[in-house]
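Colleague: Structure provided below as structure tokens; questions to follow.
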Amino acid sequence: MAKQYDSVECPFCDEVSKYEKLAKIGQGTFGEVFKARHRKTGQKVALKKVLMENEKEGFPITALREIKILQLLKHENVVNLIEICRTKASPYNRCKGSIYLVFDFCEHDLAGLLSNVLVKFTLSEIKRVMQMLLNGLYYIHRNKILHRDMKAANVLITRDGVLKLADFGLARAFSLAKNSQPNRYTNRVVTLWYRPPELLLGERDYGPPIDLWGAGCIMAEMWTRSPIMQGNTEQHQLALISQLCGSITPEVWPNVDNYELYEKLELVKGQKRKVKDRLKAYVRDPYALDLIDKLLVLDPAQRIDSDDALNHDFFWSDPMPSDLKGMLSTHLTSMFEYLAPPRRKGSQITQQSTNQSRNPATTNQTEFERVF
């Protein structure tokens, strides 16, 4: 039986035993992620174990899609898939071998960095983070790929300060609707706190703007240090979006009343748009506020795209984007969301200072209340 099962796996993949697992650094519905080291070369890697428990008909289709996409995407700001490894099926693993995706190791994820109050980003460093993030989105969108799970935990940063978009487990190729027939993609994607309003309203014919909404949430998070809209349900998330971005109406979002759930959900009425007003206590730079405002536009057709965002004055005004390597060199321990305390509302987090000085005596240490 073991031999039969083994034959449907990856006969040309190396054994994962060539790597020594060092620590678990991630856990999710997708499986587990480990920091590991190549036994011969010493190269550090990340091993993502593909969850096979519920697969009765061989290799999971979602993992096949992720592998295909990662083999297509080769860019400095996209995580690099090195190879695919396996463990052989045997009586010791109930005749079920495991598959591992092997990636270049990145020392941190953005959620882990933001959860650590000792990590201080200057304004110029925030500019560099967002510049690399948008560069990555520009590249994948040019290659007709949607990420569909933009959040701080899926943004990796190496010790040299290079940002990598990661976790393409929900990613897919996209295309323009053909012959007036809309696409029918699933809208059950994107972590709730980063999910754009069009998906919450049931839209299935969507594109790159869904990832740009997540980029806007992440950009605001660079100052608030915690997700800015932490809904408990889809209805609650829409209410939080309305409180920040204004009520969802056909006046601000043409044809939104044609969306499947527009009439079925109780949408908040009478709310004015106040993205800048609500965030200006945290985000002091006017260009930064303006870009966040353009990323968090309700109507996906009017939301700024990655190309225009990269040309925004935020990136072309003083202080200019600067390298992260110097700041990260003072933090020798890896920081990941999985290893950090939860970044939920109610937690007391020090407001992000964008002063160029990192002297604790001169850095603003005032505690802030949540945006919501």
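Using the three backbone atoms N, Cα and C, a Cβ is placed for every residue, glycine included.
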Colleague: Considering the residues K44, K178, K272, which is the one that Swiss-Prot annotates as N6-acetyllysine?
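Modeller: Going through K44, K178, K272 one by one, Swiss-Prot annotates K44 as N6-acetyllysine.
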Colleague: If I go by Swiss-Prot, the feature region 'T-loop' sits on one of 166-191, 244-269, 296-321. Which?
Modeller: 166-191
Colleague: Among the residues S322, S347, which does Swiss-Prot list with the feature phosphoserine?
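Modeller: The candidate carrying the phosphoserine note in Swiss-Prot is S347.
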Colleague: Could you check Swiss-Prot and say which of T350, T366 is marked as phosphothreonine?
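Modeller: With Swiss-Prot as the source, phosphothreonine is noted for T350.
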Colleague: Run through K44, K48, D149 for me and report the recorded positions whose CA is within 10 Å of the CA of V33 (ATP binding site), in sequence order.
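Modeller: Of everything listed, what lies within 10 Å of V33 (ATP binding site) (Cα to Cα) is K48.
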Colleague: Name the one residue among K44, K48, D149 whose Cα is closest in three-dimensional space to that of I25 (ATP binding site); these are the recorded positions.
Modeller: K48
Colleague: Please list residues from the chain of G31 (ATP binding site) whose Cβ is under 8 angstroms from its Cβ, counting only those at least six apart in sequence.
Modeller: K48, K49, V50, L51
Colleague: Tell me the Cα distance separating D104 (ATP binding site) from K44 (N6-acetyllysine), rounded to the nearest angstrom.
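Modeller: Their Cα atoms are separated by 7 Å.
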